[in-house]
Amino acid sequence: MADNDFEGFGIFEEPEGFRPSTPPPKEVLHTRVIVPNGPEEIKLRLVGSHSLWAHYLWNSGIELANYIDKNPDTVRAKKVLELGAGAGLPSIVSAFDGAKFVVSTDYPDPALIDNLEHNVKQYAEIASKISAVGYLWGSNIKEVMSNAGFKDNEVFDILLLSDLVFNHTEHSKLIKSCKMAIEGNPNAVVYVFFTHHRPHLAKKDMIFFDIAQSEGFQIEKILEEKRTPMFEEDPGAPEIRATVHGYKMTIPIPV
């Protein structure tokens, strides 16, 4: 067969519609329940689709942002780190509510970080004190601190985690990152908000706190709010899938 025998057949071309295209990004608005400072509505761009579920604005992130707005002293004049930030709503609210500065992190995937950067930098009044950074849980967090301008002995004051504990294989890495980020700061607080999206795995979700306690953290429940389940058609009791739980974790000074 001659070299040009396949000409016109397009054997290396996928036919139109063969592979679904990635959905385009979409914008959503978050209406703040209380507005200590900044706009009443925060605009967020969500990636069109992503294997790490960053294309949703999760109930836990909304409730964490609401908690910060209701309790702005939580972040005022504090150095704040958000892990698994997604669209970055709690980070943005923290910056508006008076945080000294905020580092908003997610898995180091260009699509995720570009979108996070877009969201956290869209408001000129907070752009200078908030940054978006790729970070892999469990890895050395010193580079994140260095990029934030930390001195050698500086650590974060406040950590924000929303809807991360469902990722059971990553619990130990998350706890390791939390400890590194606040090491030596007796006043630091880690806020952990989540929903049992898979009620039959709720006990596995809570193992996160067992690991945290074994690493020296004290645990306190601070919130329980009912919303609408993220996915109505999912299995499991809707009232469980609709509930957001909020905890705070601290490491007390050794006596």
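Just so you know, glycine gets a Cβ as well, placed from its N, Cα and C.
For the S-adenosyl-L-methionine site that Swiss-Prot gives as Trp58, Gly84, Ala85, Gly86, Asp106, Trp137, the extra residue drawn from Ser162, Ser214 is Ser162. Most other Cβ atoms within 10 A: among the binding-site residues Trp58, Trp137, that distinction falls to Trp58. Counting only same-chain residues six or more apart in sequence, the Cβ atoms lying under 8 angstroms from the Cβ of Ser162 (S-adenosyl-L-methionine binding site) belong to Trp58, Ser60, Gly61, Glu63, Leu64, Gly84, Gly86, Pro90, Val192, Phe193, Phe194.
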